[in-house]
Each structure stands twice: as structure tokens, then as C-alpha cells.
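Chemist: Got a structure here, written out as C-alpha cells. Questions coming.
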């Protein structure tokens, strides 16, 4: 053998020493050999690292770590894995069967030398984890609409599937909100009303209240036409106004049980705070989970392709139909990735003239969007003022159609604005040249600003009418008692009308627009007008905004109408089946697919915006606007929030001092500073973690280059050997 061949073989020998993670290492020490230092310095990874090091000493130190004895490394690996066997299963390690058996033998050997107490702890820990795994598997089978959502994912992709998963989350959220209100407010009243327990009502005494402020006109009696019941059912007036559906029904101070008195005003306020806090925590928790997934998947696009192609298939699938669904789902995800890659390449290839042109066009189109929003807000304001001024004056003189039109005028204008503006925004955004994912997010932002701002305009208009009047009733009662004797109930009626009318519009559009359009496209496809119209696409931004809009109404209205979450739950359940039927039979898949990882996080972010906007009018209503003196549980308080100081005054003096100290400015300012410091710490920690992730990604890239270099050297050595 020539000297060059021997040298080449020596160079080829280190091919068995690539940079491998510990979990991929073989435990056989004979598989390792100590390569020369000079050869390691020829690796691309070493050269890249050497350029970054400032001293030779650090490089030598790093080289020394690479030259550790493989025997000691192998034994350290065995010890480390054996120590972790108590907390993790062997199946979690990327080892072959023989090595897993070897580790299992090590585990059994270690168990013999443990005390009975340690053996029992390890055995109970394993049993508990096995039980949790089985319970987790069982709960996945109990998920609401699990099979329906998986079928939608396979046929239409993960983007549309994320909408239905989001709808399922809102169903569960509203159900929990209703249970909170039911347990804290409705259940004590029902137990007393139907004599289930030995309890009685404590009626509210009207103290220091002017008699004029306590007047609450009763609904007209006598001959009532049949259509009046329909109006009452659709608007929440008449017979529904006096039921437990609205705030004005709860005119009791408490429920007296055998040993204590249940404070209903306090429970009513606590239920409101509880459902808002629960909604906030639940949404933030799900948003953080979605943000983690979004952050991981958005780092490296090539890695996403590799994961889907080489590791995307679920080999546990044995059913033919489920295999087809999984195949379709992977195809849609790959199409979404390729479409986004095409948009990125197109953006990268733009010239400076094209960039200036597209940004100028976007600026002009955004001015049009702002003009449309301003016109809608003004129309809602005018409609609300007109409806409130004519509702009490002339409603008894009107016929059925005029009566219903006056009652529903704000809801009609809001619904028309919500129906027209998304179509305008969808037409506008086509000329702005964004990626499919960003198109959806920007359209949702515009529509959410439109839809949620319309609710804010309505509530602001109602608030201005409630707190302003021409006579002396505002000075006497604190609000416009003549027009709004029980203003909380009337705000609840407006929220009720918005929810009912929104539900009617969703059903009407599906049954009388989407379904006939499908029939025309199917049986009259030769007509040019029908060809231009085309088959309906499932518009995710519009549908998401629809349910976020409905949920925001529910959050605002639950204080004024305690049963509104139950109505919202039934509404969303029906919407799920209606939208599923519409998707399967009247819609076609979108020609521009998009990924769901971004959508899930963004849907929750939009929902969080809706929750924040709902908290603002509720906070003002509870803390600023005087409570009605003619109805509701807070007639003895100037504002709803006054029930909290009254309750605190009944506590022991030491507890009162503690609460006053915690809520004082002397505590709030240092607490806020500490929170800011903690937040800055976590921001810095997140930045450090991100830098580590970048370094690890670079290390993975360098390892692949090392492997290519070693394969090249091995090929050269084999060629020299043959020669």
C-alpha cells in the first residue's frame, strides 16, 4: 500500500466519528476511535468555530472535549440514561432494540439494590404515569365533534379545521360561563323558589331613594295580538322582560338559609368578574401554546418540508378512509408551504419601482378602508339615536312591521355593515399582493375592527343617552330615568337582539344564498353569469369574525342578561352543524390554501382583542354609571362596585387593614415595578433562549456539512485503495 493510500485511509478512519447526539450513540465502545487533532481541524464545523473564537486557548479546550475517551463517554451515557429511566420510558429514547434491552437489564439490576421504600416510589411513579397516559388517550376519544373535525381536516385542510376547532372552544367556554352564573346566581334562587331548601328571599328595602326613581312601568295588559309575542321573542321585551333572562328580574337582596344569608348582589358581581377572568386565562393559555408552535414552525421552512415528507405520516393508521384523510391533509399543508414560498420569492425579486408602486397602492387602498369604516360608524350612531328616541314615544301606535323595524334598526344597520364591509375588504386586499396567510390576518384585523367597533359605537351611544337628559331626572336619579327606568335591562335587550339577529342572518345566508348558489352552479353551469359567480368558497376570515363578534356580544351582555351564555352555547352548536353542512355540500376548497399553525394563534389573538373591548364598557357600567333604582340587585348602591367596599367593611379590622394596604397606591407602585422587572427578566431569558436555538440550528447545519466532508474523504480513500 502506498504512502498516499495509507494517509487516505487514516483520513477515512474518522468517518466513524461524526457529531452525533447522545441519544443516537451506540453503547458499544468499540465503535469509537480517537481521531487525530489535525484531522478534526480540517472539518468545516471546526473551521467555522475557529473563526468565531477570539483565542487559540478556547479552541484547544474545545478540541480537548472532543478527544475524550469513548469508553468513559459511553459509560457516562449509560449512567445518564439509567438515571432517567425512573422518569421517562425507554420508548422515548432513539435507541435500537438491543440497546433498550441492555438498559432494561441495567434498570432491573438497579432495582435489586434499592430499598423497599425507593422501589415502591419508583413503581408507584410509573403506575401513575401509565394511568395518566391511558386517561389522556381516553379523553381524546371523548372530545366534542372529534370525528367531524378530523374529517374536515382531511377534506379541506388544517386551515378550515382550525375554524371548527375554534368554534368548539367557544362552545365549551360559553358552557363553563353559564355554569358559573348558574351556580352563583340562579341556583340559590331556584332552591328557594321551589322550596327545595329551608330558605327565604330577603327583599331589597328602598332606602334614601326618591320615589320617582323607583317607578318601573309595567308592560301593557289587556288585549294582546299574536304578533306581539313574536316581537317580544325577537326583541326581549314584553313577557321576556320580566323573566330571569334579564337583569331587572333579580330584585332581591339575598337568600336566607338556615345558618347564613347568601348575598346575591355580591354573588352577581363576583360571577361577572369570574367569567371574565376565566375567559382571559383560558384564552391566554391557549394563545401561549399556539405561539410556541408558531414560533417553532416559522423558524426554518426547509425543516418544515422535511418533517412533512419524511416524518409526517402516522404509521398507526390502519383504516383506509383515515389514511385518505391524512393523505389529503398532508397535501394541503404542502400546497400551503409552496404557495407561501412562491410569494416570498416573488417579493424578493421585486424591483425598486415595483416596490414603490405596490406601497403607494396599499396606502391609497387603506385610505378607502378608513373611509368605509367611518361611514359605517356614523350610520350606526344615527340609527341608534333614532331608534332610542322613537321607541318609547310612538311604538304603541305602529303596526307590526314598523314596530319591529324601530326595535331592530341598530341591529339591522350593524348587520348590514358587517355583511358588506368584509366583501369590500376581500376585493381590496386582492390588489395589495400579500401572501395567503397574511391576507387572512389583515382581513381579519380589518373586519374585527369593524365588527367590534360597531358594538363599541352602539354601547357608547346607549351610554350617552342613559347619562344625559333634558329635565331634572339626571340630577335626581343619576341617569335618564324617564327614558331608561331600568337601563341595565334595556342594554341587555340590545345585546339579546344583536345575538338573535346575527343568528338569523347566519341561517338565512346559508339556506337562501349559499344553497341556491350551489344549485345554480351545479345545474346551470353553462350560463356565463353563473360561471363568473362560481361556487361558494368557505371564507375563513368572515366566519371567524362572525363567531368572535357573537362571543364579544355574549361577554358584554352576560352582565345585563345572565342567561345569554346559554343562548350563545346553543347558537354556536347549531352554527357548527350548519357550517359543516354548508362546507361539505355547498362550498369548494380554496385555490389558495394556508397553514393552520398561524391561524390558531391569530384566531385566539383576535378573540383576546374582543375580550379586552368587552371589558371596557363593563368596567365603566359597573364603576361609573349609577345603578338603576327601580330594578336589579344593586338598587341600594350608587354604583354596582359599591357592594365590594360594603362587604369589606364587614370583615375583621386586621383583614380590612390588609386589604386596604394591598389596594393602596403605596403597594401598587412597587408591585408594578416588580412586575416590570420580572417581565424584563423573562424577555431577556427568551432572547437568550432564542440565541441558543439559533446556535443549535447552526450546529445542526455544520454537522451535515461535516458528514458530507467525511463521506467525501472516505470516498477518496476507497478510490486510492482500489488504485
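Start at 1 and count along the chain as shown; that gives each residue its number.
Including glycine, each Cβ sits where the backbone N, Cα and C put it.
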Chemist: Are residue 386 and residue 709, as given in Swiss-Prot, on the same side of the membrane?
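Modeler: According to Swiss-Prot, which assigns topological domains, residue 386 and residue 709 fall on opposite sides of the membrane.
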Chemist: So which range, 342-362, 363-383, 384-404, 426-446, gets flagged transmembrane segment in Swiss-Prot?
Modeler: 363-383
Chemist: Can you tell which of 24, 198 Swiss-Prot marks as N-linked glycosylation site?
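Modeler: Swiss-Prot records N-linked glycosylation site at 24.
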Chemist: Please state whether DSSP places residue 96 (N-linked glycosylation site) in a helix, a strand or coil.
Modeler: coil
Chemist: List, by number or range, the same-chain residues at least 6 past the topological domain 'Extracellular' (623-665) whose CB is under 8 A from its CB atoms?
Modeler: 204-207, 209-210, 213-216, 247-253, 263-266, 268-269, 463, 466-467, 477-479, 481, 484-489
Chemist: Measuring Cα to Cα, how far is residue 638 (N-linked glycosylation site) from residue 259 (N-linked glycosylation site) in Å?
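Modeler: With the alpha carbons as reference points, the distance is 29 Å.
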Chemist: Distance check, please: Cα of residue 96 (N-linked glycosylation site) against Cα of residue 259 (N-linked glycosylation site), rounded to an integer number of angstrom.
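Modeler: So the alpha carbons of residue 96 (N-linked glycosylation site) and residue 259 (N-linked glycosylation site) sit roughly 67 Å from each other.
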Chemist: Across all chains shown, how many C-beta atoms besides its own are within 10 angstroms of the C-beta of residue 259 (N-linked glycosylation site)?
Modeler: 5
Chemist: Given the model, what does the mean pLDDT over the topological domain 'Extracellular' (384-404) come out as?
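Modeler: The answer is 62, the mean pLDDT of the model over that range.
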Chemist: Hey, what's the Cβ neighbour count for residue 638 (N-linked glycosylation site) at 10 Å?
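Modeler: Cβ-Cβ neighbours of residue 638 (N-linked glycosylation site) within 10 Å number 11.
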